[in-house]
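Residues or ranges marked as region 'Large ATPase domain (RuvB-L)' by Swiss-Prot on the basis of sequence analysis: 1-180. The ATP binding site annotation in Swiss-Prot covers Leu18, Arg19, Gly60, Lys63, Thr64, Thr65, Glu127, Asp128, Phe129, Arg170, Tyr180, Arg217. Taken from Swiss-Prot, the feature Mg(2+) binding site covers Thr64, and the record attributes it to sequence analysis. The region 'Small ATPAse domain (RuvB-S)' feature in Swiss-Prot is assigned to 181-251. The region 'Head domain (RuvB-H)' annotation in Swiss-Prot covers 254-336, and the record cites sequence analysis as its basis. Positions annotated as DNA binding site by Swiss-Prot: Arg309, Arg314.
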Amino acid sequence: MRRTGIRLSWRSVDDLALRPKTLDEYIGQERLKQKLRVYLEAAKARKEPLEHLLLFGPPGLGKTTLAHVIAHELGVNLRVTSGPAIEKPGDLAAILANSLEEGDILFIDEIHRLSRQAEEHLYPAMEDFVMDIVIGQGPAARTIRLELPRFTLIGATTRPGLITAPLLSRFGIVEHLEYYTPEELAQGVMRDARLLGVRITEEAALEIGRRSRGTMRVAKRLFRRVRDFAQVAGEEVITRERALEALAALGLDELGLEKRDREILEVLILRFGGGPVGLATLATALSEDPGTLEEVHEPYLIRQGLLKRTPRGRVATELAYRHLGYPPPVGPLLEP
């Protein structure tokens, strides 16, 4: 397809090239980075592998990216896998015995989804760097002990409550990733723009950051879509005005609410008088899966003060009424 009128400069850079390589390049999470610098320097001074590390927090905050940064800072290799991919102990043994060298890092995303059998075989690997494998079946079965290289396990989870106590106790370092500020998200947008050869104003980057739900992954995604609109329009620079037009075209309002988020609040207000209403009833009214409603949409609405979960059900707040342009209920709100 022939393209015309496109004046934005373009540089072919893949996601790996955009990924920061050092803690200094990694934007945000300042308190965590300060502690990590200490842990990394101490491990390098002792010439020992970094202690096993568990990172937890909502999706899209950069847990995988941080694992890559840690590996780069230590000058070691990183092997990436996920809990669901390790179905049986043999899968774990193949990774630990064949893919890792002394000091390397194994990153397991969604570690809370490890099978119980695989998790139990992980315990001695984390503690003593050995793993016992049963060969054969029945009376002829025998156990072989695998000596493993001293490695670091970095686990990542969005649901720390599902991590079993025995597994949690084997992590020497447990850290939480926090949501980003709009200013930090704008910095991430500006960095990606520079690497991609795209010109964008700080004001435009900040508008993207304000609508990114405190999540760097969302900010990067929105920036790419805003870039698309500006590129097709033949703009040389992404200005605040162009960014606002693109974000509006994407269905995002000034709080970062998408169309589905607003529909949830509107149904709650217009059909159920603001609530309280049970999750299952609300999901049925929206033709939505209750799990999607609870895990995908509600957390951000609650963080923004637009929705409350109460013992009697979901309640729209006064702020939700005002944001959507509806008069709030007269008198005290339905639930405190």
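Cβ coordinates come from backbone N, Cα and C, glycine included.
The structure, with features from Swiss-Prot marked on it.
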residue : record           : DSSP (3 states)
Leu18   : ATP binding site : helix
Gly60   : ATP binding site : coil
Glu127  : ATP binding site : helix
Tyr180  : ATP binding site : coil
Arg309  : DNA binding site : strand
Arg314  : DNA binding site : strand
Checklist entry - the region 'Small ATPAse domain (RuvB-S)' (181-251): mean pLDDT? => result 92
Checklist entry - Ranking the binding-site residues Arg309, Arg314 by other Cβ atoms within 10 Å, which is at the bottom? => result Arg309
Checklist entry - How many Å lie between the Cα of Leu18 (ATP binding site) and the Cα of Arg314 (DNA binding site)? => result 40
Checklist outcome for this item: Whole-Å Cα distance, Tyr180 (ATP binding site) to Arg309 (DNA binding site), is 24
Item to check | Neighbour count (Cβ, 10 Å) for Gly60 (ATP binding site) | outcome: 20
Checklist entry - Which Cβ among the binding-site residues (Phe129, Tyr180) has the fewest C-beta neighbours inside 10 Å? => result Phe129
Checklist entry - How many of the residues that make up the region 'Head domain (RuvB-H)' (254-336) does DSSP mark as helix, as strand and as coil? => result 41 helix, 9 strand, 33 coil
Checklist entry - What is the one among the binding-site residues Leu18, Thr64, Glu127 whose Cβ has the most other Cβ atoms less than or equal to 10 Å away? => result Thr64
Checklist entry - Hey, how far is Arg314 (DNA binding site) from Phe129 (ATP binding site), Cα to Cα, in Å? => result 48
